[in-house]
Structure formats: C-alpha cells, structure tokens
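The feature active site, proton acceptor is assigned by TrEMBL to H246. TrEMBL lists 77-79, S106, Q127, T155, K222, S244, 277-281, 300-301 with the feature FMN binding site. According to TrEMBL, the glyoxylate binding site annotation covers Y129, R164, H246, R249. Under the heading domain 'FMN hydroxy acid dehydrogenase', TrEMBL lists 1-348.
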Amino acid sequence: MTALTLGDYENLARARLDRLVWDFCAGGAGEERTLTANMAAFDDVRLRPTVLRGASDPDIATRIFGDRWAAPLAVAPMAFHTLAHPDGELATVRAATSVGMPVVVSTMAGRRFEELVSAAGSPLWLQVYCFRDRFRTQRLIEHGERAGMNALVLTVDAPRLGRRLRDVRNDFRLPPGIMPVNLDGDGFSSPAAHASAELDPTLDWSVIDWLRSISSLPLLVKGILTASDAERAVRAGVDGIVVSNHGGRQLDGVPATFEVLPEIVAAVAGSCPVLVDGGIRRGRDVLACLAVGAAAVLVGRPVLHGLAVGGQEGAAHVLGILIEELTDAMTLTGTPSLADIHPGLIGH
Ligand SMILES: Cc1cc2nc3c(=O)[nH]c(=O)nc-3n(C[C@H](O)[C@H](O)[C@H](O)COP(=O)(O)O)c2cc1C
Ligand SMILES: CCCCC(=O)C(=O)O
C-alpha cells in the first residue's frame with residue numbers, strides 16, 4: 001500500500017511496532033476520552049470556502065520569533081523518538097529540516113542535542129521538564145542553550161504523568177538502550193515511576209522568573225487549557241503559549257484543544273503567539289486552527305508513525321503530506337495567504 005495520508009502511516013506503524021511500544025505512543029490517560037475528543041473536534045469542523053479568489057499557489061511560510069518557518073507547523077516534543085526508529089530525533093530533525101520545519105526537542109530525547117543542532121537547518125526548541133532538583137534542570141537548560149537551541153518550551157501540565165492505563169496493564173518499561181542521553185544521571189525503565197520520583201510537583205508561576213534568570217532564550221509554556229491561565233502566562237511575561245492537553249496523556253476529561261483554542265486566542269489578544277497541538281492529522285485541521293487564530297500548530301504522534309515506517313524518509317513524507325494538504329485546503333477555500341485565513345472559514 002502506498003501511504004497517502006497520516007492515517008495510512010498510523011496503520012502501517014501499528015503493524016510494525018512492538019505492541020507495548022505502540023501502546024505507550026498511541027495511548028492516553030484514563031478512558032482516553034480526551035485523546036478521542038482531540039480528533040473528534042476536527043471531525044466536526046465544516047469549512048466555508050470562498051470562490052474565485054485566484055488562490056492558485058498559496059504562500060504558507062511564516063515567521064515566529066524572527067525565524068522563517070516554511071509552514072505554520074512544527075514537530076511536538078516527544079520523548080524517545082528512538083522507540084520508533086534507531087536514528088530517533090536525528091532522523092526527525094533531518095526530516096523536518098528537509099521541509100523547512102522546526103522541531104521541539106524533548107527533555108527525554110534519545111539523541112544528543114549537539115548532533116541534532118549540527119543536523120538542523122531550521123529552529124530547534126528545547127522542551128523543559130522541571131526536576132525536583134533545580135540544578136539538574138539548570139544543567140539541562142544550559143546544555144541545550146550551549147548546544148544551540150533557539151527557545152525553551154516549559155511543559156506545565158505534568159507535575160506527574162497521567163494515569164495511562166495501557167502502560168499500567170502492560171507494566172511498560174523502556175526497552176534496553178532507550179535513554180535520556182541529554183540528562184546527567186542514570187536512565188530509567190518506567191516513565192511513570194521516573195516522573196513521580198523526579199519531576200517537580202510543587203512548580204508554580206515563580207518558575208517563569210527563575211527560568212528568565214538563567215536563560216535569555218524565548219520562553220513558551222505548553223499545556224495551557226483555560227483563558228485565565230493564558231492571561232496569567234501573559235502577565236508572567238512568556239513569549240508564547242502552546243494550547244495542549246499533552247495529546248490526551250495527562251488528565252482524561254479535559255477538553256479537546258481545538259474547543260478551547262478560540263477563548264485562549266481571545267484572552268491573549270495578540271500579546272504573544274498562540275500555538276496548539278493535539279489530534280492534528282490533516283491539512284484541513286491545520287487550517288481550522290489557523291482560522292481561529294493559532295500562529296502555528298505542533299504535530300506529535302504522526303511523526304513517530306513516519307519514523308517507524310521509514311525513518312527520516314517516512315517522517316519527511318508525513319510532514320510533506322501535511323504541507324501538501326494545507327496548501328490544497330487553502331487553494332480550495334480561496335485563501336491565497338496565511339493572512340487571508342479568518343474565523344469565517346469555519347461553520348458548524
Ligand atoms: C510518545 C509521546 C511522548 C511525549 N513526550 C512528551 C515530552 O517529553 N514532553 C512534552 O511536553 N510532551 C510530550 N508529549 C506530548 C506532545 O508534545 C503533544 O502534546 C501531543 O503528542 C500532541 O498530540 P498528537 O500526538 O495528537 O499530535 C508526548 C507525546 C507522545 C505521544
Ligand atoms: C518521562 C517521560 C515523559 C514523556 C511524556 O511526556 C509523555 O510520555 O507524555
């Protein structure tokens with residue numbers, strides 16, 4: 001079968017990956033209602049095209065923090081791309097670079113920051129988990145900054161990992177050789193146990209000032225789901241917000257990100273870029289997010305599917321499909337540039 005859609009890649013990847021690894025990547029917390037809702041929210045979108053706009057060759061390039069992105073799309077931070085392919089994040093970074101897209105590199109990346117930065121031709125942002133041991137967190141950030149990361153993305157929805165029942169039932173352990181190679185200290189085998197032991201559950205808004213005091217990189221917070229937290233983040237002086245429910249992996253029962261995106265965009269009122277992730281699987285999903293005011297979107301699991309199926313090439317094809325579908329959706333809705341995309345494109 002030739003893979004034409006991200007759904008095709010998902011099916012091919014499911015057949016290839018070890019079942020326990022598949023469950024870790026695919027799964028969500030609890031009954032996976034939020035995981036399902038992320039995708040269902042896009043299924044309910046109806047687009048309202050405008051015709052005869054001469055939108056033959058849409059321009060989808062954008063700028064974020066002064067950097068050019070070939071499309072308003074980046075790879076979401078995910079632990080251990082090495083679970084999907086031995087080249088791991090190196091393949092992802094090369095794939096993203098080949099299509100001009102940035103990558104958010106996880107604290108739990110399986111390949112070294114230095115080799116990722118050397119392979120990158122587009123921005124790399126470092127996703128930060130705050131450890132109970134602040135000095136460990138500080139060393140992580142200094143390592144990332146020294147290696148050449150372009151921004152920090154603080155994950156704020158994970159004082160501990162959500163209850164992922166598939167992993168509990170499977171007693172999921174990382175396979176041998178899967179290591180958080182950018183962290184000092186030993187690796188671990190159970191992500192959930194490691195997170196409860198090591199991540200700082202006492203984190204509060206003062207962490208923003210602390211991060212500012214140790215790094216001058218642009219700072220985003222990832223995991224905002226309400227207008228009031230978005231306002232709080234803006235008051236704290238962040239440079240960007242990522243609306244996210246961690247792909248349904250943290251608290252089951254929180255809303256789909258697409259549902260809350262409009263109220264957060266309204267609350268932020270242009271003070272900083274608002275990005276979003278969760279369930280984006282088609283170009284028209286990207287268009288829907290842009291229509292309600294997202295500056296860009298992050299895509300998670302489909303990148304792992306691409307890696308599992310075909311390493312760098314597979315991941316590049318997944319990202320290429322999204323770009324092509326976005327271009328197609330813009331052409332057919334009569335929006336020749338990103339600036340032409342507006343809330344009126346969406347009806348229910
Ligand atoms: C296997 C896996 C690992 C993840 N690891 C991280 C992580 O290390 N840090 C983080 O902030 N988010 C992590 N996430 C959440 C993603 O950044 C993102 O919010 C989510 O996957 C987006 O949804 P999507 O997969 O439906 O596109 C992870 C998600 C998956 C599926
Ligand atoms: C300790 C690994 C955490 C990875 C993560 O954030 C996730 O699986 O969602």
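Placement of Cβ uses the backbone N, Cα and C atoms for every residue, glycine included.
Structure coloured by features recorded in TrEMBL.
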residue: P77; record: FMN binding site; contacts (Cβ under 8 Å, 6+ apart): V104, V105, S106, T107, W125, Q127, V153, T155, K222
residue: A79; record: FMN binding site; contacts (Cβ under 8 Å, 6+ apart): S106, T107, M108, A109, G110, P180, P191
residue: Y129; record: glyoxylate binding site; contacts (Cβ under 8 Å, 6+ apart): T107, M108, T137, T155, A158, L199
residue: R164; record: glyoxylate binding site; contacts (Cβ under 8 Å, 6+ apart): F24, G27, G28, A29, A192, R249
residue: H246; record: active site, proton acceptor; contacts (Cβ under 8 Å, 6+ apart): T155, D157, A158, G162, G223
residue: G279; record: FMN binding site; contacts (Cβ under 8 Å, 6+ apart): A37, N38, M39, A40, A41, F42, G247, A256, T257, F258, D285
residue: R281; record: FMN binding site; contacts (Cβ under 8 Å, 6+ apart): T5, L6, G7, M39, F42, P302
residue: R301; record: FMN binding site; contacts (Cβ under 8 Å, 6+ apart): E10, C25, A26, M78, G247
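Under DSSP, D277 (FMN binding site) is assigned to a strand (E or B) in the three-state scheme. The Cβ of K222 (FMN binding site) has 25 other Cβ atoms within 10 Å, all protein chains considered. For D277 (FMN binding site), the same-chain residues 6+ apart in sequence whose C-beta sits under 8 angstroms from its C-beta are A76, V242, V243, S244, G247, T257, V297, L298, V299, G300. In three-state terms derived from DSSP, R164 (glyoxylate binding site) belongs to neither a helical nor a strand segment and is classed as coil. For ligand 1, the nearby binding-site residues are R301; that is, of R164, R281, R301, these have a C-beta under 6 Å from one of its atoms.
Residues from the binding-site residues list (P77, Q127, R164, D277) with a C-beta closer than 6 Å to any atom of ligand 2: none.
DSSP gives A79 (FMN binding site) a coil state; it is part of no helix or strand. Y129 (glyoxylate binding site) falls outside any helix or strand according to DSSP and counts as coil.
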